[in-house]
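According to TrEMBL, the features are:
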| type | residues | note |
| --- | --- | --- |
| TRANSMEM | 6-23 | transmembrane segment |
| DOMAIN | 44-211 | domain '3-deoxy-D-manno-octulosonic-acid transferase N-terminal' |
| ACT_SITE | Glu63 | active site, proton acceptor |
| SITE | Glu130 | site 'Transition state stabilizer' |
| SITE | Lys208 | site 'Transition state stabilizer' |
Amino acid sequence: MKLAIYNLLILLLIPILQVRILLKSLKDKGYRSFTAQRYASNLAPVTNQKEKCIWFHAVSLGEVVASQDMIRELMREFNVVLTTTTPTGLRKAQEIYKDSLAINYAPWDLGPLVNKFLNFYEPAALLIFETEIWPSMINSAHNKKIPIFLMNGRLSHQSYKAYLKVSWFLKDILQKITFIFVQTQEHQERFLQLGLDSSAIAVAGSVKFDAPGLKPEVLSLPKFILGASTHLGEEEMLLRVFQKLSKKYPHKLFICPRHPERSTEILKAARKMNFRSELYSQLGEQDYEVCIIDSIG
């Protein structure tokens, strides 16, 4: 009954979400592209001829980048179907993998649509990267006896507090996950508090620590100021502070917005404050004070 109510709410929300996508597409046409895939139609074909298929879900750009070593390892043994929910994530996935695997927008989290997706690919397992708890996705895979794994799992304090309020619903969903590999003991404890069985979770560390170390030439770069994973409003505050600091310190400012699609508007704000500013993707020989990182990886 709980899941039926959830699916009804999603069904009612989809028209609103479509309007939201239409509005977002005014700035980024990628939001409107591949709309059919959200309804599990016009799906990308499996490109290899391996015997079994894995569905790997990485919600956005950051997760697509962080999970690439894991995905490449899986590709040795399986056909991989990668889903994401943002145009930046989709574009980055296409840039990384080209035609070596099937890349789609994830379907809306509505039972019939998820089932349609599962019937099309018939995956041997579902791997969800970090913390994407989609009830219908998990329930549909569980009903088809598809093992479900949460990889590199984490649960921020904010998410944990929000999930606690609906733990009466989430507990049943979490118990359908075959196993969860979390980054830290703190994350493990939060999942246990939400009702997960202790036998279905283990601390495996973060995949970020599997990445190669900094190259020597990077360590020798001049000092700079970095604003990392910034959100709307934070860049303006950072630029005002930098305006004062730049009178005393000659360092450059690098801004890495959490959502790179906002890079152009941040660039305009920096230039409005009379900073010599450039996008990272367009850097040449020109001098600059502020650089906006408009890509990841």
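Including glycine, each Cβ sits where the backbone N, Cα and C put it.
The model shown is predicted, which means the values in this text are computed figures rather than measured ones.
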DSSP state at Glu63 (active site, proton acceptor), helix/strand/coil = helix
How many other Cβ atoms sit within 10 Å of the Cβ of Glu130 (site 'Transition state stabilizer')?
-> 22
Reduced DSSP state (H/G/I helix, E/B strand, rest coil) at Lys208 (site 'Transition state stabilizer') is helix
Note the mean pLDDT of the domain '3-deoxy-D-manno-octulosonic-acid transferase N-terminal' (44-211), expressed as a whole number.
-> 92
